[in-house]
Structures are given as C-alpha cells and as structure tokens.
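Chemist: Have a look at this one before I ask anything.
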Amino acid sequence: MPRLAALKGHLLGQTGRQGASLAFAQAVTVVAGIGIGSLLARGLGVEGYGRYLFALTVVQVMMIPLDFGLPTLVMREVAVLRARGDWALLGGLLRWSIAFVAVIWALLAIGILGWIHLIETEDLLYIFAVLLAGVWAYMRFAAAILRGMEKVVWAALPDQVIRPLTMLAALTVVSLIGTLTPSRAMALHTLAATVGLFWAVWILHRRSGPALVGQTGGVRYAPRVWFASLLPLGMEVGAGFLNARIDVLMLGFLTDSRAVGIYGLGLLIGGLARMPETVIKQIAAPRVARYHAEGRTVEIRHLARLSAGASVCAAMISLFGILLIGKPVVALLAGPEFEPSVMVAAIVASSSIVTGFWCLAATILNMTGHEKHTARISWSSTIINALANLALIPLLGALGAALATAVVTGARQFAFETAARNHAGMTSGLLRLTRRTLA
C-alpha cells in the first residue's frame, strides 16, 4: 500500500503538471474554436458554412490514407526505441515515414484534382483542401515524434494553439476588410496549418537534441515490421476518422447544407466535453508504451483508472454548461438560426460521459501491441454507425445523426475495454477505481 500511494502521488504530480499546461492549450483551442465557428457561421451563413464543413470533412477523409496510423506508430516506436537506445533504427523510421506521407499525398492530389474537373464544384475550395490535408499530415507527424519523447505539451502547441490562433486572426482580418467565402475560409485554414507546421518543425529541432540527431552509426530500416504494425493501426485510425465524420458525410448526401451547418456547430460545441479526454490521452499514450516496454503493468492500470475518473467528471461539467447556457450563447455568437445545434451538442456531450468510463482502453491496446483488436472493433462499429445514420437521418435529420453516432460510439468504447481486459490483461474502467481506490 505505501508503494501504491507513492506511485499514485508521483503519477498525479507528474501528470498534473503536464495536464495543467495541456489544459491551458485546450482552453486556447476552445476560445479560438468558438471565435472561428462564430465568424464562419456569421460570415458564410448556414448554407456556406455547410459547404465549408463538407469540404473539411473531405479533408479529414483524405487524412485516412495520409495518417494510416503513422502518428501512432511513430509515437510508440520513438518511445520504445529511445528506451532501448536504438538510434539507428529510429532514424530509419523517421526518414521512411516522411517518404510515406509524400507518396500518399501526391497520389491523393492527382485523384482529387482529377475529380474536381469531372463534377461541377468549387475548384478552389477543394484545391485548398488538398493542400490542407498534406500540411496537416506532416504537422501531426512532427507532433507524434514529440509525444513519443514525452514532450506532450510542446507537441500540442502547433495544432492546438498556433493553428487556431492564426486562423482566428486571419478570419478576423478578412471579415473586416472583405467578403468571406467557403474557398477563402479553406485557404485561411491552409495558411494557419502551414504556420503550425513551421512551428512544429522549429520546436522539434530545438527540443529533440541528441536524442534524435546525435547518433553517428547511420540508419537502419525495418519496413516489413513497420508495415505489419501500420496496417492494423491504419485500419483502426481510418475507422476512427470515418466514425467521426461518417455522420457529416451522410448528412451532406441525404439532406442539405443547412442541416450540415447546424450539425457541424453542434459537434463543435459538444466536442468541448471530449477535449479533457483528448488531453489525458496525449499525456498517457507515450507513458503506456514506455511502461509496457519496461514491464510496469501496475502503473498502466492505475494511470488508466485515474484518467477515466477525470474524463467523466470533465464531460459531466461540460454537459451541464451546454444545457444551462447553450441556447443564449449560440444565439448571441452564431445567430438564432443555429439554435437547433444546442440539442446536437447535448447528445454529443452525453456520449463523451460514456466513453470517459473507459478512457484509455483503445490506447492500452495500441500501445501494447494489440492494435489488430482496435482495428477490428473500429471497422465493425463504422459499418454499424453508417447503417444507424442511414436509418435515422431521413427521420430526424441532424438529431438522428447525433443519436446514431452517440450510441455506436459508446458501444465501441465498451468493446475496446472488453478487448483490453481479455487480450492485454488490463482494465481501464472507472467502476473499478470507485470500488478499490476510493474504498
């Protein structure tokens, strides 16, 4: 018991310091996101905002082959190879990863540019979408390296602070001196992501030190091993992207831009409830990989239970705030026509409470070499999610998409927890924390 108490104090202290910094970064993201959403909603209107969100969803679908689990693989391998001191293999992994993203980006660019010439659409909107996807992929790659080095606060800055603040500033200027269109909004997003990428590269150069650049024995490659891990990780990440955006895609195809705009703002507001869980995962993932490599199972289990408790509490507070002041705030910032998005936000926040009960379940599977189980569960839930949206969207519109996605998301998280318990021998459930830690 004294050892467990000391471990708990160490984890809480170390995690608390990083958590406070990441919480500040998330606060910046939240404030900037609200400002961006308000400017876009007012500047583009419901129809224009819907077109922009649909194009942004296309970007996120493009991220499936661009990412393909690469940031997760890089983060895990950086943590493991640093612990082993295998700098040559680490250097080979980073070079191979850069080339992988470049090839996939080029193929996607050719395909998308060919597609926009075959259909009647806004050419500039999707040209900027292609550019945004590639820049975003490299920014996530650089952040994954920093997370693998357990520099999670520095890893969060480019995407969670620099990018949104740059876009907010650019949108403010354009809104004051000109007319905002979906294409211009996407161009500004691309500009903001480019600034974030430059910051990520600069931070990586300044903070990596000899841990990544000090090796003198050349590099080694293990592409077969990396591809063997990348395939299930990519399947899981791809399913995650689709699960997160299949609702928007199906709304765009089955309804109209107005429904997409209302739903998109609801996702933005409801997503505030999931941000604490995102912070916790950013902190915990490299530690889970390192603890697993060092055989420290007790630390993993305890970290998972503490993470679940924090996630659920934060999500409940967010839901209460949405229900209490959601409508007047939305009417003030975006306009009365967006008020239906508050109910969507409440449903999204409710699902975050459910997923928080098993916050690190998928992380434990991925960081302990059981990524094939996350891939299988994720793709099964993607199919179910698509069918549920297909059934409910024609009946309930945006609310149907929110309900379908919320139910499937909760069921998927419970399946992750079951797989973590059965295959990794670890549980991340909050109920176990309540019985044992609080007793």
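Cβ coordinates are placed from backbone N, Cα and C, and glycine is handled just like the others.
From TrEMBL, here are the annotated features:
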TRANSMEM  21-40  transmembrane segment
TRANSMEM  52-75  transmembrane segment
TRANSMEM  96-118  transmembrane segment
TRANSMEM  124-149  transmembrane segment
TRANSMEM  161-180  transmembrane segment
TRANSMEM  186-204  transmembrane segment
TRANSMEM  225-242  transmembrane segment
TRANSMEM  248-273  transmembrane segment
TRANSMEM  306-330  transmembrane segment
TRANSMEM  342-365  transmembrane segment
TRANSMEM  386-408  transmembrane segment
Chemist: For the transmembrane segment (186-204), find every same-chain residue at least 6 residues outside the stretch whose CB is under 8 Å from a CB in it, and list them.
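Modeler: For the transmembrane segment (186-204), the nonlocal Cβ contacts are 52, 55-56, 124-125, 128-129, 131-132, 135-136, 138-139, 142-143, 145-146, 154, 157-159, 162-164, 166-167, 170-171, 174.
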Chemist: Six or more residues beyond either end and a Cβ under 8 Å away: which residues meet both conditions relative to the transmembrane segment (386-408)?
Modeler: 242-243, 246-248, 250-251, 254-255, 259, 262-263, 266, 270, 340-341, 343-344, 347-348, 350-351, 354
Chemist: May I ask which of the stretches 21-40, 225-242, 306-330 has the most CB pairs under 8 A with the transmembrane segment (52-75)?
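Modeler: It is 225-242, which has the most Cβ pairs under 8 Å.
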Chemist: Among the recorded stretches 21-40, 225-242, 248-273, 306-330, which has the greatest number of Cβ pairs closer than 8 Å to the transmembrane segment (161-180)?
Modeler: 21-40
Chemist: Among 21-40, 96-118, 248-273, point out the range having the most Cβ pairs under 8 angstroms from the transmembrane segment (306-330).
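Modeler: Comparing 21-40, 96-118, 248-273 against the transmembrane segment (306-330), the winner is 248-273.
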Chemist: Can you tell me which parts of the same chain pack against the transmembrane segment (96-118), counting only residues 6+ beyond its ends and a CB-CB cutoff under 8 A?
Modeler: 62, 65-66, 68, 70, 73-74, 126-127, 129-130, 133-134, 137-138, 141, 221, 223, 226
